[in-house]
Amino acid sequence: MSTDSYTPSQEPGSKRLKTGESVFARRGVSPSTGGVASAYGNESEKKPSWLQTNKSDIDGKYDKYGERRNAHTTTRDSRLDRLKRVRQKSAEREDVGHEGDEGDEDEGILPYIHLQAANPAIIHNEKQENYRTFQSRISNRENRDINSIVRAHYNQRTQQAKQQGSRVNSPIYKMRNFNNAIKYILLGNWAKHNPEELDLFSFLDLCCGKGGDLNKCQFIGIDQYIGIDIADLSVKEAFERYTKQKARFRHSNQNSNRYTFEACFATGDCFTQFVPDILEPNFPGIIERAFPVDIVSAQFSLHYSFESEEKVRTLLTNVTRSLRSGGTFIGTIPSSDFIKAKIVDKHLQRDEKGKAKFGNSLYSVTFEKDPPEDGVFRPAFGNKYNYWLKDAVDNVPEYVVPFETLRSLCEEYDLVLKYKKSFTDIFNQEIPKYFSKLNKNLIDGMKRSDGKYGAEGDEKEAVAFYIGFVFEKV
């Protein structure tokens, strides 16, 4: 295997597993209100026990945030028994957590099903001309705070995505697939459930966006999902995506590749609000019944919190109080080491306004102020740059995340670093193990022009900008 690509010994999909039937009955769906999308319908319909209203006084709920009662109740034993049987059956399969062939591809993968081509990279390049590249239209950026800009950007992203055309023709289509593969690997390796401590395998997705990681949650076999994001239209899209896949092929004799986990979604800012204050007004009793969780995930988002130390501490409070002991905090962020190398090696250029920047045809980083010559940012917070990624991020403010600062702060919140690697290293070291497990369309979407798999050209540098990390709650 070369250092920047992978050539498989066999084609993907030769040992594909099917996801087991859902153990939950189909829920009714009601329109979202108050900026919140719920996976549950009318109050008259029966809800899973972890979302039933707790009739006891929930004053002081924040003190209970790190506790959780046993989820077993007399009325739910039969459901939990069924759940355990299904999970045990899945565990006996050779490739646990493997996605099925149909119906569960990530957004951006589905259009690829209808392409007949020996080399996907060729078709991808030929059809890009019919695709509308994303451009945000955010006015008066100079006088808006970062929350306002980020919310507006991702809401516009959600709105425009439906008019852009097939995402298989996006100029960063292969890069999206590469990044998705990295997240599958991170979650597949580090998302662990402890059935002796918690009955249900639970997942808290901070900054969930449009629900791009829902398929990954099905892949790792979770039982319950909670998604929070600052962009209300993205939350609505995530909810619709979940309910569509939840309903898909629900008749037992058609197809089992639908979501088998329950989910709820809420709009909120996990950098300035505490999780109970976001969830409790809309789902009374959820903190008592659904927390702590096994995994907290923050994908491509934590860097927004480094605007200030207060925001980072609020985020880490949410993470540590949400996690059970032994639970994992899994995320992806820009690499401060990568940024430092660009500065120290003098790879910076000047834009038309004289601001320092680096990048290529796919991405760019433009600093608000000249960065320090040694690449070490002091103080560690508020070091802003504008990030541009073709067809995805349109010069949105982000902040440098000095990783040692993050690691040190995490230790204050009982979060110990277990893993940190660049996307390039993760791919090179882990893709051989995952090549036959991941969905064939996702794998095909990473096929290079030379027939190998991985990033090529300007994509190499764009993906090397990121790292994956895992912290464990002790």
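Cβ atoms here come from the backbone N, Cα and C positions, even for glycine.
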Further binder of S-adenosyl-L-methionine named by Swiss-Prot next to Cys207, Asp229, Asp269, Gln299, Tyr304, taken from the candidates Lys174, Lys183, Lys246:
Lys183
For Lys183 (S-adenosyl-L-methionine binding site): intrachain residues, at least 6 apart, with Cβ closer than 8 Å:
Asp213, Lys216, Gln299, Thr332, Gly468
Round to a whole number and give the Cα-to-Cα distance in Å for the pair Cys207 (S-adenosyl-L-methionine binding site) and Asn180 (mRNA binding site).
16
Give the distance between the Cα atoms of Tyr304 (S-adenosyl-L-methionine binding site) and Asn179 (mRNA binding site), rounded to the nearest whole Å.
19
Taking the Cβ of Asp269 (S-adenosyl-L-methionine binding site) as centre, how many other Cβ atoms lie within 10 Å?
20
